[in-house]
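Here's what TrEMBL has on this protein:
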TRANSMEM  45-71  transmembrane segment
DOMAIN    45-470  domain 'Major facilitator superfamily (MFS) profile'
TRANSMEM  106-124  transmembrane segment
TRANSMEM  136-166  transmembrane segment
TRANSMEM  172-189  transmembrane segment
TRANSMEM  201-219  transmembrane segment
TRANSMEM  231-249  transmembrane segment
TRANSMEM  292-312  transmembrane segment
TRANSMEM  332-355  transmembrane segment
TRANSMEM  375-401  transmembrane segment
Amino acid sequence: MSYEGNKVEASSTSYTNCQQDQSSDMSEGGGGCWWSCWWQERHTVVLLGFLGITIVYITRINLSIAIVAMVGSTNTTSNLSNTCPAPSDNSSDVVMEGEFDWNEQTQGLILGAFFYGYIPSNFFGGRMVEYLGPRLMFGTGVVGPSVLTLLSPLCASVSSSLFVALRVMEGLIQGVTFPSMHYMMSAWIPPKEKAKFSSMIFCGMQVGTVLANAVGGWLCSTNFLGGWPSAFYLPGIIGVIWGIPWFLLARDRPEYHPRISQKELTYILTHRSFVTGRKTVTIPWRSLGNSVPFWTLMVTCFGYSFGFNTLLTELPTYLSNMMHFDMGSSGLMAALPYLVQTVVSVAWGIGAGFLTTHNKVTINILRKVSTGFALYGSGLALLAMTLVGCDSTLALVFMSLGLGAQGAINSGSVISEQDIAPNLAGTLKGITNSLGSVTGILAPLITGAIINNNIPKYSSEKNEGNGLRI
């Protein structure tokens, strides 16, 4: 299907003069100019995208929190006293009975199972998005895993193998979400607004992590809906409900939206770098293979993802079993670094958006500075964690600094695929995200191998592995 007939020619000033039109609209009885001027349809896409990414991350990592209660401490803490003895008055020193008898390696397999489906889904899903459209694919990628999340307690109670299969299927469906959103942003968001809106959409990763850790940890420590199963039921229900406004209000491209104003449509089509003449573009494999920026982007994605996924899957267990926080406290403490990351992500994105909109810095420089700050800042902080020993306060400080610095990457390499090839943003994000997602399998398996019957090495070797990502 061709989009040439929808192209609109107009100057950039037609959109920015919205305020000047307010009095005339009011005099004509419109009365709704204030809302139409300051809340556009692309803002709705950004809001729903943020909520979708938030749900995606809650359903992805809730297992990392729930597994602490599912297994308890009988299979994970036998040698901990030799490393970081719990204070004599610490209530977490009490052995916590778990429902499942899974050792560290089995837990590592279960935690990494999601990525066995997620990796190939990213790779092939990126191209599928360009054919089937991001609205359908993103919606399916959020709602589908939410339904499977509701089935998680049942599958876990049947057998660990069935639970692993469920997690693989969940990753398979969810793998299309990031390629879908990147492709949608290429169509909806002009380049100079991408840093600002990208930070708002993708800070859902941090918000989802905060909620999963804080609320999930609290739910697991209560008797609500059976305790740990509620950490699956609640986000599953919310994810299904989210699908209603998404499918009603979102569209693949602004050209398709039935309620978009002519002013906003003109602004987007005039400024975006997305090519409207063709629905899909042939993949230039030879050019990609010879592209230094693309290879650099893949290496960057792998390094960032290794540290991020290691902490994402193991931080709650680290705080509970190493630092002896109780179930509720470990969730809250694990949420703190991601809360810092959320603040940094949004603040950095707003500042970056101001600089690019007012032509203070080029987009290329902004991407490099944002990525450099995120990777080197977090790498140094995680290296410092190897020196803290059993000091839980210092460990949290350095984790917060490290993960906080990572927030800048939402204005950096995370959206570079849209700069390299806007019409292939889905495909390129699928490739880079597939590579980065390999670390989702490696991180829990490597950690499980290190600490299984070798707990004293847990603190130093795990943190040194994180530090190597620099």
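Cβ coordinates come from backbone N, Cα and C, glycine included.
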Top Cβ-contact partner of the transmembrane segment (45-71) among 136-166, 172-189, 201-219, 231-249, 292-312 (pairs under 8 Å): 201-219
Recorded stretch, among 136-166, 172-189, 201-219, 375-401, maximising Cβ pairs under 8 Å relative to the transmembrane segment (292-312): 375-401
Mean of pLDDT values spanning the domain 'Major facilitator superfamily (MFS) profile' (45-470): 80
Tertiary contacts of the transmembrane segment (201-219), as residues 6+ beyond its ends and Cβ separation under 8 Å: 46, 49-58, 60-62, 64-66, 181, 185, 225, 227-228, 230-231, 234-235, 312, 315-316, 327-332, 334-335, 338-339, 341-342, 345-346, 349, 407, 410, 414
Long-range Cβ neighbours of the transmembrane segment (332-355) (under 8 Å; 6 or more residues past either end): 65, 192-193, 195-200, 202-203, 206-207, 209-211, 213-214, 217-218, 311, 315-316, 319, 323, 325, 361, 366, 370, 396, 399-408, 410-411
